[in-house]
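Let me begin by presenting the structure, written as structure tokens, before commenting on it.
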Amino acid sequence: MPASLGFNRIFQVLGQRNYGLFTLGNSMSLIGTWMQRIASGWLAWTLTESAGWVGAIAFADLFPCMLIGPFAGAAADRWERMRVMKLGQLLGFAQALVLGILYMSGHLTIWPLFLLTLFNGFVTGGLQPFRLSITPRLVTQEWLTAAIAINSVTFNLARFVGPALAGVLIALGGMGLAFVINALSFIIFFMFLNVVRLYGTRTPPSGKSFMTDMVEGLKHAATLPGVNAIILQLIVSGIFVRPVLELLPGWAARAFNGASGDFAALTSAFGVGAIVGGLWLAARKDAHGLARIVVWSNIAMCLVLLLFAASTALWMALPLAMLTGATMVSAAVSGQTLTQIIVPDHLRGRVLSVLGLVMRGSPAIGALLIGVASDHYGMRIPLIAGVTVLLCLMLYYLLEFARFRSILEDTL
């Protein structure tokens, strides 16, 4: 397919009113979220100079999804998704505002930072299945692959813009503004959500208890052929490899002897690569071939990260960070797209809650474990060990690739 035709699909799906409005508001909110995330990580480092504490803040941000995710997934198949999304923006606004006030008044220490981040983790974790399962009702199925890929581009554009803005604010001594801007971004997204309308009707609840629905969602995620393989890959990648992103403050300061500007440069490099990977996937016409992308993108990511771990200077690490971002997003979006298409609507909220649980919970566990290990063994050895684990799994998938692809793509 010519590139021009592929990128025309991107503009066509963004031109659809409801999806376009949702994406615009969501992108503003995500930029604010990444500004706060970067500011929180760097603040944790400056307060403690401990990679373990940086990992603990990332853990507080990501781990609550594992506790609330199954419940939220069952709720997403029962409750009005748009109404819950609006409530989530108001709760996020309150958290960011309190964080900003505490910082600017000089009362923000590591424990209030941890507890407020933990609260935000529960809010974000609760919203995750609602956010994921709402996309199929913003576009028709022919545009779903492009829409999911654009969601990733939006997320990673925010990962580029947010850290860049946060880096400027941190360098200028205005870290508190990062929290205030994030608070305002939640209100902006709330206003956009009020004018978005969803396609179709929601599948009626099953009439079963919450517990039954939760167990059913976990069961389908664990046993649905193909989906369970994607989830296993996300667990291994999330625990052993993905924490490199959460621990970038330690990489910038310890491995490359840098400061806040170098930290922002590394984070932005990951984001630029992720945008390229996401745009490439968004330009694809359909989902055929995504199983191959899942496997080979993970293998490429492992090889690039081994070079990243061996690099001794920032100028060497930046292009490798870009390549890591591109391959990481290519693997994640391909797997998420296949899952969205395979899972029926009446199970989508619950199964995607498991996907969201894995995507947020695994890096939380990994950031804590790898962060503590990095305090004892340095930044490089834990990353090399983690990459080796994922590479072994991907080589097994490669040996079983014909069966893996058949299971995932025969129903497309």
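Just so you know, glycine gets a Cβ as well, placed from its N, Cα and C.
The annotation domain 'Major facilitator superfamily (MFS) profile' is assigned in TrEMBL to 178-412.
Annotation comment: TrEMBL describes 21-45 (among others) as transmembrane segment.
Marked as transmembrane segment by TrEMBL: 51-75 (among others).
Here TrEMBL flags 87-104 (among others) as transmembrane segment. Residues 29, 32-33, 36, 40, 43, 112-113, 116, 119-120, 123-124, 126-127, 130, 175-177, 179-180, 182-183, 186-187, 189-190, 193 of the same chain, all 6+ positions outside the transmembrane segment (87-104), place their C-beta atoms under 8 angstroms from a C-beta of that stretch.
As annotated by TrEMBL, transmembrane segment applies to 110-130 (among others). Through the fold, the transmembrane segment (110-130) approaches residues 40, 43-44, 47-48, 53, 56-57, 60-69, 72-73, 75-76, 81, 84-85, 88, 91-92, 95-96, 98-99, 102, 349-350, 352-353, 356-357, 359-360, 364 of its own chain, all at least 6 residues removed from its boundaries and within a Cβ separation under 8 Å.
Tertiary proximity for the transmembrane segment (142-161) is limited to same-chain residues at least six positions away from its ends with a CB under 8 Å from its CB atoms, namely 9-10, 12-14, 16, 19, 23, 26-27, 30-31, 33-34, 135-136, 267-268, 270-272, 274-275, 277-279, 281-287, 325, 329, 332-333, 336-337, 340-341. According to TrEMBL, the transmembrane segment annotation covers 142-161 (among others).
The transmembrane segment annotation in TrEMBL covers 167-200 (among others). Counting residues 6+ beyond its ends, the transmembrane segment (167-200) has Cβ neighbours under 8 Å at 18, 21-22, 24-26, 28-29, 31-33, 35-36, 38-39, 42-43, 81-82, 85-86, 89-90, 92-93, 96-97, 99-100, 103-104, 134, 137-140, 260-261, 263-265, 267-268 in the same chain.
Outside the transmembrane segment (221-243) by six or more residues, the chain places 55, 58, 291, 294, 298, 301-302, 305, 328, 331-332, 335, 338-339, 342-343, 350-351, 354-355, 358-359, 361-363, 365-367, 369-371, 383, 385-387, 389-390, 393-394, 397, 404, 407-408 with a CB less than 8 A from a CB of the stretch. As annotated by TrEMBL, transmembrane segment applies to 221-243 (among others).
The transmembrane segment annotation in TrEMBL covers 263-283 (among others). When Cβ-Cβ distances below 8 Å are used as the criterion, the transmembrane segment (263-283) is approached by residues 1, 3, 6-7, 9-10, 38, 42, 145-146, 149-150, 152-153, 155-161, 163-164, 166-168, 170, 245, 248-249, 251-253, 293, 297, 314, 317-319, 321-330, 333-334, 337 of the same chain, each at least six residues removed from its ends.
As annotated by TrEMBL, transmembrane segment applies to 290-310 (among others). Note on the transmembrane segment (290-310): residues 226, 230, 233, 237, 241, 244, 277, 281, 317, 320-321, 323-324, 327-328, 330-331, 334-335, 337-338, 379-380, 383-384, 387-388, 390-391, 394-395, 397-398, 401, 404-405, 408-409 of its chain, located 6 or more positions outside it, place their CB under 8 angstroms from a CB of the stretch.
Taken from TrEMBL, the feature transmembrane segment applies to 316-339 (among others). Tertiary proximity for the transmembrane segment (316-339) is limited to same-chain residues at least six positions away from its ends with a CB under 8 Å from its CB atoms, namely 132, 144-145, 148-149, 152, 156, 159, 226-227, 230, 233-234, 237, 242, 244, 251, 255-256, 265-266, 269-278, 280-281, 287, 290-291, 293-294, 297-298, 300-301, 304-305, 307-308, 351-352, 355, 359, 408-409.
Residues 51-56, 58-63, 65-66, 69-70, 72-74, 76, 121, 124-125, 128-129, 132-133, 217-218, 220-221, 224, 227, 230-231, 234-235, 237-243, 245-247, 250, 332, 336, 339-340, 343, 381-383, 386 of the same chain lie 6+ residues outside the transmembrane segment (351-373) yet bring a C-beta within less than 8 angstroms of a C-beta in it. Here TrEMBL flags 351-373 (among others) as transmembrane segment.
Annotation comment: TrEMBL describes 379-399 (among others) as transmembrane segment. Beyond the transmembrane segment (379-399), the same-chain residues lying 6 or more positions past its ends with a Cβ under 8 Å from any Cβ of the stretch are 51, 229, 232-233, 236-237, 239-241, 243-244, 247, 250-251, 254-255, 295, 298-299, 302-303, 305-306, 308-310, 366, 370, 373.
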Fill in: the domain 'Major facilitator superfamily (MFS) profile' (178-412) [mean pLDDT, rounded to integer]
81
